[in-house]
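Listed in TrEMBL for this protein:
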BINDING   Asn149, Asp213  Mg(2+) binding site
TRANSMEM  6-29  transmembrane segment
TRANSMEM  41-59  transmembrane segment
TRANSMEM  65-85  transmembrane segment
TRANSMEM  97-115  transmembrane segment
TRANSMEM  127-145  transmembrane segment
TRANSMEM  157-175  transmembrane segment
TRANSMEM  181-198  transmembrane segment
TRANSMEM  210-230  transmembrane segment
TRANSMEM  242-260  transmembrane segment
TRANSMEM  280-305  transmembrane segment
TRANSMEM  317-334  transmembrane segment
Amino acid sequence: MLILDLVFIFFFSFAALFTLHKLAPKIGLVDKPNKRKQHKGAIPLVGGIAIFSTIAFYLNNHPTVLMHSDLFLVCTGVLITLGALDDRFDLSFKVRLLFQAAVTIAVMYFTGMQLDYIGNILGMGEFSFGMFAPLVTVFAVIGAINAFNMVDGIDGLLGGLTITTLTAIAIILQLHNLQSLAGFCVLMIVAVVPYVLMNMGLLGQKRKIFMGDAGSMVIGFTVIWLLLLSTQPPETAVMRPVTALWLIALPLMDMTAIMLRRIKKGKSPFKPDRDHLHHICMNAGFSASSTLLVICSVAATFATFGVLGEYFLVPEWFMFISFLVFFGLYNYGLQKNWPKQIANIVEEATPNNLVLFERKPRTTFNKVPSTHMSVKSQEDALRYKNQ
């Protein structure tokens with residue numbers, strides 16, 4: 001892949017974003033604020049469509065860059081359409097899951113790709129799902145798609161996590177001299193960068209744009225496609241399956257933890273709420289920019305651990321057990337509201353002119369109700385008491 005190709009992709013993506021930004025209000029593809037979505041104004045939901053258009057244009061002219069590129073474009077086309085309809089009409093989660101499962105089955109049928117071999121993750125020999133591999137693959141693909149969908153909650157977060165994950169995948173592929181596939185990862189990163197700039201309002205609030213469910217679905221599907229190509233089957237794999245867990249660790253942990261919390265509360269695991277990691281961090285006092293920095297830094301740390309573990313051939317069982325330990329700590333930490341405790345500690349050591357936290361007046365009480373919530377004002381305390 002030439003530098004000229006990347007420059008072209010960058011500006012093509014920008015052009016698609018600007019064009020669709022103007023078109024979005026006319027076709028109703030805008031995100032309006034509500035109790036769960038706390039932003040200002042109607043924001044176009046076309047970031048994913050622009051990125052897909054960019055990738056589709058390039059792959060149509062360079063089909064050898066990605067194995068099974070025709071099927072990849074058909075599958076992502078189905079998902080982008082499904083996501084756009086969901087953005088416009090708010091489809092049932094059952095409809096979304098049905099189409100995601102259908103796309104996965106199509107991938108397995110036409111390419112033979114499936115999650116079967118997972119390596120020596122228990123230290124007792126190689127493990128294979130055998131006859132259950134197709135079912136496991138459906139759950140894995142749907143899980144990856146929705147993991148990236150669920151983290152799309154604050155400006156720059158989905159874009160940042162996408163760039164982090166694709167960079168890690170590209171490094172591993174390049175180490176194995178798979179330059180074409182690594183180049184596709186770079187292509188995706190370059191196509192996402194213009195979206196990040198507009199999403200974060202760096203080109204002005206009037207040009208702000210959201211990814212939409214269409215985009216997050218395509219991002220998640222692209223990531224799991226690359227991971228399946230890299231880890232399956234064992235005869236041609238260039239990456240151990242356990243490494244893939246670390247490359248998408250944070251979105252995967254967040255999705256799993258929040259679903260477990262919803263089920264524990266007697267709620268549907270697919271019902272949207274404001275209990276994601278980014279919501280918890282911001283409720284704890286972190287500013288939006290600090291939340292973005294913290295989450296992306298943690299994700300980058302996990303991905304780096306995965307890359308180094310792959311490079312130095314750290315035993316698979318150790319990588320897997322470490323992942324489970326970190327997930328346990330992650331889930332326990334959220335239950336104990338560690339983000340709030342960390343925010344309080346760091347806030348005390350932060351100069352007043354550094355906006356890392358949303359500074360609000362706080363009142364100290366002799367006795368606080370037994371809860372992980374920190375009461376920050378007398379009004380909040382009285383409201384809590386009367387509930």
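Glycine residues also receive a Cβ, built from the backbone N, Cα and C atoms like all the rest.
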As a test of the contact definition, list every same-chain residue at least 6 positions from Asn149 (Mg(2+) binding site) whose Cβ is closer than 8 Å to its Cβ.
Asp213, Ser216, Met217, Gly220
Inside 10 Å of the Cβ of Asp213 (Mg(2+) binding site), count up the other Cβ atoms and send me the figure.
26
Given pairs 6 or more apart, does the transmembrane segment (97-115) have at least three Cβ pairs under 8 Å with the transmembrane segment (210-230)?
yes
Which stretch, 6-29, 127-145, 181-198, tops the Cβ pairs under 8 Å count with the transmembrane segment (210-230)?
127-145
Cβ under 8 Å, sequence separation of at least 6 from the ends of the transmembrane segment (6-29): give me the contacting residues as numbers and ranges.
42, 44-47, 49-51, 53-54, 57-58, 84, 87-88, 186-187, 190-195, 198, 207, 209, 212
